Structure formats: C-alpha cells, structure tokens
Amino acid sequence: MILGGFQQEISKKVFSFTGHFQAQKFVAGNAFEESPISVNGDFFKNFPNNPLVKHVQVYAHKPGLLKGDEEVEGVLMKGVGRDFDTLGFKNSIVEGRFPQFSDTAASNEVIISRKIADKLILSVGDRITMYFVQEPPRYRRLEIVGIYETFLENFDDKIILGDIQMIRNLNGWKEDQVGGFEIFVHEPGRLDAMEEELYDALDYDLKLIKVTDKYLEIFDWLKLLNNNVYIFLGLILFVAAFNMVSILFILIMERTQMIGILKALGSRNKQIRQIFVWNGVRIIAKGLLIGNAIGIAFGFIQDRWKVIQLDPMSYYMAFVPIDWNWPVFLLLNLAVLLVTSLVLFIPAMLISNIQPIKSIRFD
C-alpha cells in the first residue's frame, strides 16, 4: 500500500503538470520554446471522439528572468489557457489560487513555485518584473496570485505558470496558435500500448512525446522501486514459510505420543498429516486476519490524518501516501496462504518416520 501510494503520488504530480503525452512541432532552434501550431488541426478538433483521450489542453513555453528586489532568477514561463486541468493541479497549490484568464486580454497573473518565491523573497500579492529572452528584449509586470510546491526539481526550480495569451502577444502569434498540446488519457497504465495509436491520430507535422520518456530519470527511478517491492515481499514470504515450518515441527514433536497412539489405532500417515496441515492452515489464516486488520487500520489512519510525516526534500512529499489497491492486496494474501500452506507438507512428512511403539514411550 505504501510503496504503491508513493509511486502513484509522484506520477500524479508529474502528469498534472504535463499530461500523459505532449504533441508539438519539431524545434530546430531554441529548445526552450516551441514552434507555433494551430488549434484548427484535425487532431485538436476531433479529440472528443477519440476513445483513448480524456482531455487535451494547450500550452507554450518562454524563457526569461524574474527580477526581485535583490536577486535575479532564470525561469521558464509555461503559458496555459482556460482549458488547463486546475482540478488535477490544485493539490500542489500551497498558497493563494490558480491564475484567472480572460477571453479579451492577456492576464498578468502567475503562480510560482515555493522555491522560486523563497529565493526572490516573494509572497502572494507581490508584483514582479519578468524580462523575456528575445530580440528586442521585452518585459512584463506580473502579479503573483499563488504558490505551488511539488518537491520535484524539474518543476520547482524553474517553472512558473501564466497566461498563454501573453506568450502569443510576445511571439506575435495568431489567436489560434499555441506551442503544443498536452494529452490526458483514460488509462495511464497503458501509455506504451497507446503511443502508436495516438501518433497515427496526430496531424502529419506533429511529433508525440511520451511524458514517461521526457522525464525518464523520474519514472526509471519509480520502476526501480518495484524491484525493492519484489525483494521485500520475497523476504517476508520466506520468513513466514520458515516460521510455519518451525511451528509445525514443534507441534509434531509435542504430539509424538498422540501420533503413535493414532497409528496404533489404525490411522494412516496421510490422515495424520492432514490433521497437522489443516491445523497449520488454521494458524496461518488466523495470523493473516489479525495482520490484515492491523494493516488496514493503520492505513486508514494514515490516509485520513497523515500521522507519519516525511522530509519532502528527500522523499518528494510531506507524508506517507496510501494506495488502496484491493486486487493486489487480495492476491498477496492468497499467495502467502498458498505458499505457506504448501511448505507445511515438508515437516508433515516426518510423521511417516514415527514408529508407534517408540513414540508412545516418547517423553
């Protein structure tokens, strides 16, 4: 639950900033800026009819310098429109609100990261000048209406969010031109399978960027966590199996006289083995019920009240996240029950070697 929640929380932060895919033109010059594309293309007009696509929003980037009272910071403004998914982004907002955009004029409202705000000693309500890198250089006075924090350096170190109309005006673009499209899909777990089909749906002059490839270092790191999960679960399974073998072996030793008496009365080895194996299964089931009850109670408390806090600079979040993945939860319980039940037959084989006469005398 915890490792799954950690992976899910990090992925959601990245996707809320970028979508699952990005579509844009090939850029031959400045890597920070996109070449303009029209929203009147076939893909943008037809995406509501695409069963894979949940939402598409426009964006454009433009680099510049933010000038505070004492410091200057290089940043990248990401221009977005009224179609931006503010609902998915709201969990990252720690102060203020998201900028509001108008249909008639460019808004000067922006939201900046906590890291940038601390460097430039800024807070919500302050006004600041941003100088844009172009010929001739131009500047705009911006109003800070919100502060966000993702704890991810890729975003917090340099990204501010503002009105895409401002970037259109600075670049001399037409009203229907944007830097690219951010595409959200219904099934984020199937990005690899969807990539080719989405690419075929794009206009001929666009390229498709899978966000998991763009931020490869983040998602490769999350995949490595899966290896830790497998190792951790393997160790738990080994310890559980070893403990059950030890418990059943002790039970057999304690009941040696009983086994001898049962054999003397005509019971077969198979029947006696079944008695001990089923007794072991009962112990396993009882342990799973108690362990699951404690684990679910702990998970509920943590999910509800965030009792256990983390250092966000090290873990990229301020609390231990919980992912209620019930299919995995049930599958794990079944796997533990099956494996530990099977290993019970190992000590149960000792029953065949117990001789009635010697065992009845056993003390």
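All residue numbers here begin at 1 and follow the chain in the order shown.
Quick reminder: no glycine exception, Cβ is built from N, Cα and C everywhere.
The domain 'MacB-like periplasmic core' annotation in TrEMBL covers 44-197. Annotation source TrEMBL lists domain 'ABC3 transporter permease C-terminal' at 231-356. Taken from TrEMBL, the feature transmembrane segment applies to 229-254, 275-301, 326-351.
Outside the transmembrane segment (275-301), and at least 6 residues removed from its termini, the chain residues within Cβ reach (under 8 Å) are 1, 244, 247-248, 251-252, 255, 307, 322, 324, 333, 336-337, 340-341, 344-345, 347-348, 351. Model confidence over the domain 'ABC3 transporter permease C-terminal' (231-356) stands at 90, taken as the mean pLDDT rounded to a whole number.
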